[in-house]
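S.K.: According to TrEMBL, the protein carries these features:
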- 1-162: domain 'FeoB-type G' (DOMAIN)
- 287-307: transmembrane segment (TRANSMEM)
- 319-340: transmembrane segment (TRANSMEM)
- 346-371: transmembrane segment (TRANSMEM)
- 391-413: transmembrane segment (TRANSMEM)
- 425-446: transmembrane segment (TRANSMEM)
- 458-480: transmembrane segment (TRANSMEM)
- 515-534: transmembrane segment (TRANSMEM)
- 555-578: transmembrane segment (TRANSMEM)
- 584-608: transmembrane segment (TRANSMEM)
- 620-641: transmembrane segment (TRANSMEM)
- 647-669: transmembrane segment (TRANSMEM)
Amino acid sequence: MTVAFIGNPNCGKTTLFNAYTGANLKVANWPGVTVEKVEGAIDSHGVHIHLVDLPGTYSLTSYTMEEQVSRNFILSDDVDVIIDVVDASALERNLYLTLQLLELGRPVVVALNMMDIVEKRGMEIDLHRLPEMLGVPVVPVSALKRRGLSVLLHAAIHHKDRTHPDQLIHDHPEITHHKHNHHHDFAMVYSDVLEDKIDQLRVLLQAQYPDLQNYRWHALKLLEMDQEITAKYPLQGIEAVVDRSYETDIINEKYAFIEEIIQEVVVNREERVAATDYADRLLTNRWLGIPIFLAVMAVVFFLTFFIGDMLRDYFESAIDSFSALATSGLTAVGAGEMLISLICDGIIAGVGGILTFLPNICILFLTLAVLEDSGYMSRVAYIMNDVMNRLGLSGRAFIPMILGFGCSVPAIMASRALENKTDRYRTMLVTPFMSCSARLPIYILFSGMFFPENAMIVAYSMYLIGIVVALVCLLVLHLFQRQETENILLIELPEYKQPSLRTVWISVWNKVKDYLNRAGTIIFAASILMWFILNFGPSGYGAMNDSFGAMLGKILVPFFAPLGLGYWQISLSLLAGISAKEVVVSSFAVLFDGVNINSAAALATLAASMGQMGFTQLNAYCMMLFSLLYVPCAATIATIHTESHSWKWTAFSVVFQISVAWVITCAVYQIGSRLF
Ligand code: GDP
Ligand code: MG
């Protein structure tokens, strides 16, 4: 049996799904995070149940990709029961989707989620009257506190195959005069004008499409002039009935009915918690909003650097002793010099080098997860709405960009939530400029080496530059090809929540797993490859200066020279960094002959010797800048391709990012070297 979870963004579908399946999907207190349907399975009440988590949607029109994914899936025969997840603390907004689902004529069970919040606020919901008015079972649950989970599935199992309302009782006085007595068959009964038209369309549909499943729903869609349905079922004689789009009328009447429901079932109605309102007045203030955001990010950085560095010391000594142990162990068993070099200067230096940044990365993920789950990040998207509108985009476009602080791959996927195709492509193009966590090791290494005093500020500047470059690129694109935007705000502000330990843990653990995974695969492979091309040359195993790697690096030098990066070692590590950004650092470690990038003393020596090569603070800054802006990693490029279905577009975005990186870094270096 297949059960699909559908509901508005942020109503707790993924939390519910995770609670049942034990899966660790990303949960976030902002809309637009789940963009693909995710599946899992459990056995419950003796039934094998297949669960599907769908992207959040406010309605079943087919305007955005998320809505299409959800609607097509729900309409297919693959689904046995639809569980409509409703945020009980925002019943009014959530019921709109519910009414649409009921019209599909498929088995629906309502999961009234967030009951813990409702209780805490002293709100009460009449759980007897609500199912009477909707005609389907309503089960109170709390996905977070794991309450009501078993009852919900039980209801779903029982409700399978029930396509008709269980027990509809409409006893509201105003509509007793209603000409059409559908009140026993449908929860939502429209005004006489609309019901007349539905009846007329039903006759036409029955005559021309005798096999249709749900005439009422199709008639409604035709009245709304829904593109997909109108194209799929051309109807003779339709002009006489559908003289205009009745979409607004249908929406208004649905909301009128919702108002009625709310009046009857919600007791002690309280809009929002006063504290949330107060916090929002401050955090989304026109003038203070952005400075506060920048300050919050600065705190994130401070924690990442300060606490991360304290923890890093332990990691460093562990990896140091491991390396020493490996060397002496290998020597003891009589391993050759070449093997020892491969393992110690290649693998341990490369992979181990990356692992030492784990504490910093962990803290970064932890602080971002707390911010996401608390609900603050949606405020950031909200305060950026004005700016984004001016750049010709909807405010929602900033959400994928913020996700980019973690990793560009899910961030680019999140751009699906945008309605407009141009918005979507532009967002995909600039999202990689947001500094992802893989770039953090580069900043830590280079700012630590060359700016020991101001490491944190230097790294922070990279994050700011990333945001600014992304916004400026959007501005240029907008000036280049103007796009009218509807100035409506599609971001809702969810309630602030105390971040849930479990949610935060899942988020951090998933990302850490990813990071370790990369260290074990791509970075591992890249370190070995690096070691090979650096230790072998046309004349066999030998000096690095004559190796294949050096030859390759030297070819690239002219390209990088104007940026102050005209050193074959640097060129080579930047090239290798296309596989994954951390590889810039791991290959750097291999390059400088297994330099111990974990030891401050070794780094100081290295910085000094690089300084003698003419590589100074300005060069180091340019190195970080170029790393920030040039093409992200192979995985991101692959994602851009899957999302755009076009190699041409993918190639364009790669060239675009490299060009932007080159031009900006070149400008900084050329101007900088004249000033200093
Ligand atoms: P989705 O967008 O529908 O998948 O929603 P998520 O599962 O990502 O949840 C959105 C937010 O609501 C997260 O911060 C969750 O921790 C929180 N949440 C979900 N279910 C509950 C619940 O039953 N009670 C409370 N208090 N919070 C919940
Ligand atoms: Mg979700």
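Using the three backbone atoms N, Cα and C, a Cβ is placed for every residue, glycine included.
Unlike curated records, TrEMBL annotations are generated automatically.
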S.K.: Counting a contact as 3 or more Cβ pairs under 8 Å, with residues at least 6 apart in sequence, do the transmembrane segment (647-669) and the transmembrane segment (346-371) touch?
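M.R.: Answer no: the transmembrane segment (647-669) and the transmembrane segment (346-371) share fewer than 3 Cβ pairs below 8 Å.
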S.K.: Quick one: find which recorded stretch in 287-307, 391-413, 515-534, 620-641 has the most Cβ pairs under 8 Å with the transmembrane segment (346-371).
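M.R.: The listed stretch sharing the most Cβ pairs with the transmembrane segment (346-371) is 515-534.
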S.K.: Count the CB pairs under 8 A between the transmembrane segment (555-578) and each of 287-307, 425-446, 458-480, 515-534, 620-641, then give me the winner.
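M.R.: Per the Cβ count, the answer is 620-641.
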S.K.: What mean pLDDT does the predicted model reach across the domain 'FeoB-type G' (1-162)?
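M.R.: The answer is 86, the mean pLDDT of the model over that range.
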